[in-house]
Amino acid sequence: MSKQAAVIELGYMGISVKDPDAWKSFAMNMLGLQVLDEGEKDRFYLRMDYWHHRIVVHHSAEDDLEYLGWRVAGKPEFEALGQKLIDAGYKIRVCDKVEAQERMVLGLMKTEDPGGNPTEIFWGPRIDMSNPFHPGRPLHGKFVTGDQGLGHCIVRQTDVAAAHKFYSLLGFRGDVEYRIPLPNGMTAELSFMHCNARDHSIAFGAMPAAKRLNHLMLEYTHMEDLGYTHQQFVKNEIDIALQLGIHANDKALTFYGATPSGWLIEPGWRGATAIDEAEYYVGDIFGHGVEAPGYGLDVKLS
C-alpha cells in the first residue's frame, strides 16, 4: 500500500571538515559513534545503528554542512514527492544509479531549501544487519534512531516563511515554538518542525549565522552516556556553549558543545514525543546557560 508522499525521517547527513583526524577522535571518544573507514581518501563514515552510515564526513577546505538526506518510504512516495516539488516551482534533479549508489540508496533526488542548504530526498537505504553497531567508546545503551531518524538540526535560513512552506510541502508539521525576549527589546522566534515521533527533525529562525549548520542533536537511550559525554567535554576542555538543561519543547536533557568544525553538537537524553498541537514557550525548564559565547546561541533560555 502506498504511503503519503512525505519525508519520514532525517536518514543521513554529510558534513565537510578540514581536519578528518580530529573528527575521527571526536566522534569516537567524545560521542561514542563508530568510525567506518573504507579506504576512500576523501571521506569516511559515522555509524549509529545498523545502517551502513548515518553521517558522511567529507575531507574539504571548509567546515560546514554538506547536505541533509531525508527519507521517504519507497519509490511511489519518492516519485510523488518529486512531482509535488516540481508543481510547486522547486528545481529538483533526479540522480542516476551511480550517484544513488554513492549515497548507498536505491533512489535519490537533489534540491535546495530556501536557505540554500543542499537537500537530498531518497528511498531504500543500505542496512547492514550482519554488521552490528560497534560504538567508538563503551556505551551503557545506544542512540535513539529507528523511525525517528538520526537526530535533529538547526540550519540557517534568511526567509523563515519560505522555509516553512518548503518543509511543509515535504510533509513536516510545526511552527514557532520559542519566542525569546532579547536584551535589545526584540524577540527571537524559532520554528521547529517534525516528520515522525521525534519532537522535531529540523528547526530554524531568522538569525544571522556564519555557517549553514548551527547544531546537530544526537540522543542517547541512557542518561549515563549523556553524563559521560559531558564529563569528557569538561575533561578535554572543549567549549561548552550552553550548559546542561532541559528544553521546554522536547523535554530533553542536553548540553551544547563545540565540534572540531566550529558548529555545535547537542548530546541529549529523554526527548519527548512530537505533538501536532501548536504552542510556544519563552524559555526552557532549567539550565542551558551560556558558558562559551560566540556559537550563535547567546540567548537567555532560563
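Along the chain as shown, residues are numbered 1 onward.
Keep in mind that glycine also has a Cβ here, set from the backbone N, Cα and C atoms.
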May I ask you to find which of E99, E266, E277 Swiss-Prot records for the Fe cation site already listed with H152, H215?
-> E266
Starting from the Cβ of H200 (substrate binding site), draw a 10 Å sphere and report how many other Cβ atoms land inside it.
-> 24
In all the protein chains shown, the tally of other Cβ atoms within 10 Å of the Cβ of H152 (substrate binding site) is 26
Intrachain C-beta neighbours of H215 (substrate binding site), sequence separation six or more, cut-off 8 angstroms = C153, I154, Y256, W263, L264, I265, E266, L297
Per DSSP, to which secondary structure element type does H215 (substrate binding site) belong, with helix, strand and coil as the options?
-> strand
